[in-house]
Amino acid sequence: MGGGGQQTDRITDTNGRFSSYTWEEVQKHTKHGDQWVVVERKVYNVSQWVKRHPGGLRILGHYAGEDATEAFTAFHPNLQLVRKYLKPLLIGELEASEPSQDRQKNAALVEDFRALRERLEAEGCFKTQPLFFALHLGHILLLEAIAFMMVWYFGTGWINTLIVAVILATAQSQAGWLQHDFGHLSVFKTSGMNHLVHKFVIGHLKGASAGWWNHRHFQHHAKPNIFKKDPDVNMLNAFVVGNVQPVEYGVKKIKHLPYNHQHKYFFFIGPPLLIPVYFQFQIFHNMISHGMWVDLLWCISYYVRYFLCYTQFYGVFWAIILFNFVRFMESHWFVWVTQMSHIPMNIDYEKNQDWLSMQLVATCNIEQSAFNDWFSGHLNFQIEHHLFPTVPRHNYWRAAPRVRALCEKYGVKYQEKTLYGAFADIIRSLEKSGELWLDAYLNK
């Protein structure tokens, strides 16, 4: 009854109609190889489809046994096309007596959120301004060209090299925000064009893998700040985060590092090492182990371009040093911006909340300004981005007042901070988590 997930596994009654299920029955199918999801009251067996899912293997599993309607709508800009892929997986629908929402979720809130999405669509918030993204790509290419020309004209002296490194790090950081736009399918009308340009930006301009990014990032969006589902809160035992994990580690006497000092050693092993060490290794390991040869070719094209440009001036050794110094600076930029909206927020195990509530407890916004928009790639509107990941980032500000009003209506906390305050909260939250760990380690 739970296996397969192909068209031949459909379950029908004697009249050839699809079966009806209760939520209790659906919630039994959550294990690997036996996974059902509900979308728009229809029940789908995705047990085998997870292996072919373009969004990654795990993201569907994270919603097994649940209503995935909001996630389904949020991630897919072309719903009609995606529904065609779902048809062979259909095995039934919820019984008429069953609510549309599972696990006692607030039906009125869910319906109001869906109405908000429809209103934003009607107001054109999901429509792209091509010039916006063309200018962003143009300024990245311009920065790359300026860096090369500075070495060409002014040589390899220390001061000039430092300026060149800052320019290259800026280009890399901005390319990181731009690939994020294409990865979320928020630029072109077709997924194919978004995927193609995504591979160009993340592969050729950054030397990373689109497949690796998709696998990690979509899980993060689907279940933000949820242990065992969001890879961004898997700290590899280097840190304990939130209020739950530190106590668990403390009670179990787990001490891989002195976590009560993590707010101090964060400066040495967090921002400096994430991209140049951990991501660098993980990206290549992922591409090779999973046979992502197209991604690997795009990635290699970046390294060929970089070393052709800079070994002629610096030689191989110093070109490698420059490369890693650029990665080192980019890593600081990336970590502070991406973590300011998540690490200080609630981090816990699955609580089966509705889409709006789940995203709002895990994200916060940063005050809008021209600098903050550019510096963070508009991730200062993290709340709106998480609720509507396919909305082009130049329209987040239009959605923000509507989202805030909906949150106020239902008593959902909508947090907005200053940039400096958000940075400081990262350290404060790490310190608090470390103190919770130490107390549990010594006294429980």
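Easy rule for this one: first residue shown is 1, then count along the chain.
Backbone N, Cα and C define each Cβ position, glycine as well.
Topology check against Swiss-Prot: GLY155 and LEU296 fall in the same compartment relative to the membrane. Residue ranges 27-31, 52-56, 217-221 are listed, and Swiss-Prot annotates 217-221 among them as motif 'Histidine box-2'. Feature motif 'Histidine box-1', per Swiss-Prot, maps to range 180-184 of the set 170-174, 180-184, 390-394.
Contact between the transmembrane segment (158-178) and the transmembrane segment (131-151) holds: at least three of their C-beta pairs are under 8 Å, each pair 6 or more apart in sequence. Long-range Cβ contacts of the topological domain 'Lumenal' (152-157) within its own chain (Cβ-Cβ under 8 Å, at least 6 residues beyond either end) map to 313-314, 318. Residues in the topological domain 'Cytoplasmic' (327-444) partition by DSSP class (helix H, G, I; strand E, B; coil) as 80 helix, 5 strand, 33 coil.
For the motif 'Histidine box-2' (217-221), the number of residues in each DSSP class (helix H, G, I; strand E, B; coil) is 5 helix, 0 strand, 0 coil. Using DSSP to sort the residues of the domain 'Cytochrome b5 heme-binding' (18-95) gives these counts of helix, strand and coil: 31 helix, 22 strand, 25 coil.
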